[in-house]
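Trainee: This is the structure, below, for whatever I ask next.
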Amino acid sequence: MARTMRSRVVAGAVACAMSIAPFAGTTAVMTLATTHAAMAATAPAAGYAATRYPIILVHGLSGTDKYAGVLEYWYGIQEDLQQNGATVYVANLSGFQSDDGPNGRGEQLLAYVKTVLAATGATKVNLVGHSQGGLSSRYVAAVAPDLVASVTTIGTPHRGSEFADFVQDVLAYDPTGLSSSVIAAFVNVFGILTSSSHNTNQDALAALQTLTTARAATYNQNYPSAGLGAPGSCQTGAPTETVGGNTHLLYSWAGTAIQPTLSVFGVTGATDTSTLPLVDPANVLDLSTLALFGTGTVMINRGSGQNDGLVSKCSALYGKVLSTSYKWNHLDEINQLLGVRGAYAEDPVAVIRTHANRLKLAGV
């Protein structure tokens, strides 16, 4: 049983890695062309997303600004925001690294924020982080509060990820202890090769530990935020925080496509609410759809409840929660893979565009 489960996890991890790689079939490209044409035909008025301060999009685990300098992490999102009047920058941090510490993603993001401010003449930025990018954004808001106007987190594991716990437990079964270092070495190379800048600052084991529920609790103690609810409550916190006299607007949303179903002999089933059963094209065109359904099922059986395949609803709650009802998996949240998503999934590009307008109306 344990061996079978581990095999499934390995298969799911391989599928996830493959899904992130820069490739697309002809059918997927045709679908994307149609989608972009429809978006252009219904585009809001110019200036709709013109926020007062620049927006910085912050990628999560395994990310970069453009994979191998070609495939955007935030697929089609930066362009859409720019077309609607926003000033948008995309951070390029270590794909595999912790958020704190001198080599951490937080310090990397802080340096990038200062670069953007120097280039634009702005005094603050709006940080929008996906997955681990939300934790990196919180770091900057904590250590340099005067540089931040708002923090928005999308599918961020503020309480850690049950799947990260699971992977850590599986690696602990190895009596030699070699598997962790060997796998980490391969993952680090993957991070270097896929980074647009071939960033060598990669530490897969540190990244894994950062995303566990235990380490997340420590991170929250070291970098507290009013946007967090009480530990274990599955509640969000305040919609704003004031740090050193600087007020930050705090927002979050998340996908919860993976929902628990019936339990049989102690094993809980799951369903992907984003797709048509069996026949949805996303199951074929986007390998991450089935992979994240598998990882989400593992999470449910570790008590996570509804999730996006990597982050639970409860873990994603932060600040003013705009929605936890999107029928998205973890990659749908950033319009991946290549804009392909399940038949019932909402348009993430439109959601982020609307949020930029929300920030504009809030005066930031």
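Counting starts with 1 at the first residue shown.
Glycine too: its Cβ is placed from the backbone N, Cα and C atoms.
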Trainee: According to Swiss-Prot, Asp332, Gln336, Val340 bind Ca(2+); identify which of Asp286, Asp308, Asp347 is listed for that same site.
Mentor: Asp286
Trainee: Which one is it, Cys16, Cys314, that Swiss-Prot ties to Cys234 with a disulfide?
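Mentor: Answer per the record: Cys314.
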Trainee: I'd like to know which of the recorded positions Leu61, Cys234, Cys314 has the most other Cβ atoms within 10 Å of its Cβ.
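Mentor: The most densely surrounded of these recorded positions is Leu61.
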Trainee: Taking Cα atoms as reference points, rank the recorded positions Leu61, Ser131, Gln132, Asp308, His330 by distance from Cys314 (disulfide bond) and give the first.
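Mentor: Nearest candidate: Asp308.
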Trainee: CA-CA, which of the recorded positions Gln132, Cys234, Asp308 lies nearest His330 (active site, charge relay system)?
Mentor: Asp308
Trainee: In this predicted model, what is the average pLDDT of the domain 'AB hydrolase-1' (54-266)?
Mentor: 98
Trainee: Can you figure out which of Leu61, Ser131, Gln132, Cys234 (the recorded positions) comes closest in space to Asp308 (active site, charge relay system), comparing Cα atoms?
Mentor: Ser131
Trainee: Helix, strand or coil at Cys314 (disulfide bond), per DSSP?
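Mentor: DSSP assigns Cys314 (disulfide bond) to helix.
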